[in-house]
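Would you mind keeping the following structure in view while I ask a few things?
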Amino acid sequence: MQSKPANERVNSTGFSPFAWLCAAGVLIFGSSSAIAVKSMGMMDPVPARPGGSPVVFDHTYMTSLFLFVGEACSLILYGVYRVITCTRSKKTVTKTTSFLEPLSIKQLEKKPFKPCPHAFLFLVPTLFDLGATVMLNFSIFFVVVSVQQTISNFVVVFVALFSLICWRDYRQQFDLPHGIGLLVIAGGIAAASSVSIVYGDSIGTSRNAVLGVVLGFGGTIFAALCFIFEELFLRRIHVPGMIGVGIEGLWGIGFCACLIAIMNFVPDPSRSGSPDTGRSTMLESAVEWAYQVSIQPIQILFIVIYAFSTLLFNVSGMEVTRRISSATRATFNSCRAMIVWLASLAIGWEHWSIPGSIIMIIGYVLIVVGTLIFNNVFRIVPYCKKTNISRYGCWMGRSKTTERKLKEEAPFLPSEGGSSSNCNSSTPNDPPVTLEC
């Protein structure tokens with residue numbers, strides 16, 4: 001029997017090995033970016049002006065700028081990759097749009113990417129990404145980082161709801177395990193995020209827990225809209241993840257530069273009218289940011305880590321969106337809160353307490369279990385639709401005989417290890433691209 005190409009090899013979850021690699025990148029680099037941002041504000045206070053009193057490093061807009069700088073650097077990496085591959089194999093004519101692995105034939109049938117006008121399509125998700133970044137960075141400043149990461153995981157619920165509204169093929173594939181998985185994830189998020197408000201400083205120091213939670217929810221809605229618009233465009237055109245992230249980075253740099261220039265002259269309502277605190281009363285001050293960085297050089301290290309982690313996090317996330325869906329990307333993204341919490345305990349930003357920490361553990365366990373159920377790793381919830389049963393195989397408790405009978409009743413559906421003669425059939429990791437808006 002002829003083996004499948006690398007890009008079509010899938011397991012019982014319907015994901016290729018490369019998709020799992022990208023999902024791991026979402027977890028690892030998403031966690032490191034959040035830790036880097038929190039580290040900036042947790043350093044010892046330093047003066048923001050010559051002769052001024054020490055103040056906390058709080059420059060959300062400048063931090064957001066470097067997020068987009070990191071994203072824009074993906075264009076440089078993609079250019080280096082293309083030069084290397086062209087030098088090594090000039091005679092290769094394999095058509096590919098990925099920086100590591102060829103896409104399926106279905107993906108290659110999309111419209112080819114053209115800088116103009118397709119670059120302007122990423123303008124909309126960039127605006128939502130900017131709003132989400134600013135609000136989430138403010139949230140990290142006001143609340144302990146693990147709770148902020150947990151709150152931001154509500155993006156799973158919002159993305160799933162938006163996907164059900166927008167995508168016909170998503171509604172066709174949505175089944176009982178997906179619904180149960182989302183409910184379990186939502187329960188875990190609610191349990192973990194309530195700890196900061198209910199138990200307060202017993203788990204760690206929060207400057208304003210309620211405000212941090214509200215900002216976190218606002219940023220989550222913007223992030224969900226960013227995911228949905230990215231999927232909308234990636235369903236119609238084929239573009240490497242690095243190019244897509246790089247274009248968003250360029251748009252973001254332009255927007256952030258304009259925003260920072262304005263914020264340098266807009267008074268901060270929380271600071272205006274108060275006695276001199278050793279810093280500007282404006283919403284942002286690029287001069288004070290530069291001065292604090294100059295006398296505390298370790299901030300440069302955190303900025304570099306943040307930009308680099310953001311680059312790899314967004315490239316991995318866009319590849320997951322392009323190959324599977326934005327909902328799957330959001331479910332994997334929800335698991336990084338547990339990694340951030342463990343790191344915060346190790347660093348000392350948060351403290352072990354009872355019952356606060358126990359509730360956090362229960363919440364994170366529910367998030368992980370819900371994610372595994374949603375993505376067909378824990379096959380403990382039965383599928384109700386014959387298409388999903390034929391595609392993903394039997395679930396725990398269903399006999400092989402029943403599974404075989406269901407496949408015989410739907411012979412036109414593709415199954416693992418074989419393909420259908422129907423020209424409209426699709427592989428498990430390649431859903432149809434029919435749109436319904």
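Our numbering is plain: 1 for the first residue shown, then up by one each step along the chain.
Quick reminder: no glycine exception, Cβ is built from N, Cα and C everywhere.
Feature annotation from TrEMBL assigns compositional bias 'Low complexity' to 415-426. For 407-437, the entry in TrEMBL reads region 'Disordered'. As annotated by TrEMBL, transmembrane segment applies to 60-81, 120-144, 150-167, 179-199, 211-229, 241-266, 289-313, 334-352, 358-378.
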Would you call the transmembrane segment (60-81) and the transmembrane segment (179-199) in contact, using three or more Cβ pairs under 8 Å, pairs 6 or more apart in sequence?
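No, the stretches stay apart by this measure.
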Sort out the residues at least 6 away from either end of the transmembrane segment (211-229), same chain, that have Cβ-Cβ distances under 8 Å to it, and list them.
124-125, 128-129, 131-136, 138-143, 147-148, 151-155, 158-159, 162-163, 166, 193, 196-197, 321, 326, 329-330
Any contact between the transmembrane segment (150-167) and the transmembrane segment (334-352), i.e. 3 or more CB pairs below 8 Å with pairs at least 6 residues apart?
yes
Name the range, of those listed as 120-144, 289-313, 358-378, that has the largest tally of Cβ pairs under 8 Å with the transmembrane segment (241-266).
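Stretch with the highest Cβ contact count: 120-144.
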